[in-house]
Amino acid sequence: MQASITNTATRYGWATIVLHWLIGIIFIGQFMLGFVMVRTPSQRTAFELIQLHKSLGFLLLGLIILRIAWRLGNAAPPLPPSVGALERRSAPLAHLALYAFQVALPLSGWALVSVSTLEIPSMPFNLFVMPNLPLAESDAAESFWTSAHWYLAYAGAALVALHVAAALRHHFLLRDGVLTRMITPSSAGE
Ligand code: HEM
């Protein structure tokens, strides 16, 4: 049967599935890259890694905007009836928080390079110069946004870990198909 691009009443379509895993993989890679680059002793290597981190961050921001737009026009299928009342209420809140972090985190990174007095331009994948956000440069603003970026990155990673744990619980303990429906797309007519 032909895979459907859109979500159906019971399943996710392939566009949602591709965006979900693409963003998830880049997010985890981006977190590890951020962690490593600020601890790299060689200034030259650190510089190259930070440029890559900025490029991937802008890519993630674009993908997450696309994902939110797609989600607004394409309702998610409801949870299976076996899911308890507490999780039925908490899951949408956790998902909303995940979306909020995915927007706030790259924006805080963008803010931090925008206010930096070093004035190093951001060139996503060497393709074009990304304009800075209209924020005043200062060392105090840079240290504020660096802290904000740090807190958002670690809180976001904790939320992702919770999300992964919840998905694994559904798959291995509850065996209710909540994880598999984010792997196999809906079919036309389903
Ligand atoms: C979802 C996207 C992002 C994630 C998960 C992420 C994650 C991180 C992490 C984990 C660190 C290291 C924190 C530490 O251990 O000290 C970091 C640092 C940094 N990030 Fe991001 N980041 C993202 C997006 C961005 C964007 C879009 C930019 C800029 C355009 C950016 C610029 C930076 C910079 C310049 C630093 C170094 C800060 C310092 O000097 O300590 N990040 N990021």
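Placed from the backbone N, Cα and C atoms, the Cβ positions cover glycine too.
On a predicted model such as this, the values are computed, not experimentally measured, just so you know.
Annotated features, as they stand in TrEMBL:
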DOMAIN    11-184  domain 'Cytochrome b561 bacterial/Ni-hydrogenase'
TRANSMEM  12-38  transmembrane segment
TRANSMEM  50-70  transmembrane segment
TRANSMEM  91-113  transmembrane segment
TRANSMEM  148-168  transmembrane segment
Note to self: Please report, as numbers and ranges, the same-chain residues at least 6 past the borders of the transmembrane segment (12-38) whose CB is under 8 Å from any CB of it.
What the structure shows: 3-6, 46, 49-50, 52-53, 56-57, 59-60, 63-64, 66-67, 70-71, 74, 76-77, 102, 153, 156-157, 160, 181-183, 185-186
Note to self: Checking distant contacts: for the transmembrane segment (148-168), what same-chain residues at least six beyond its ends satisfy Cβ-Cβ under 8 A?
What the structure shows: 24, 27-28, 31, 34, 87, 91, 94, 97-98, 101-102, 104-105, 108-109, 111-112, 178-179, 182
Notebook entry, point to check: Who are the long-range neighbours of the transmembrane segment (50-70) in its own chain, taking Cβ under 8 Å and residues 6 or more past its ends?
Noted result: 15-16, 19-20, 22-23, 26-27, 29-30, 33-34, 37, 99, 102-103, 106-107, 109-110, 113, 122-125, 130
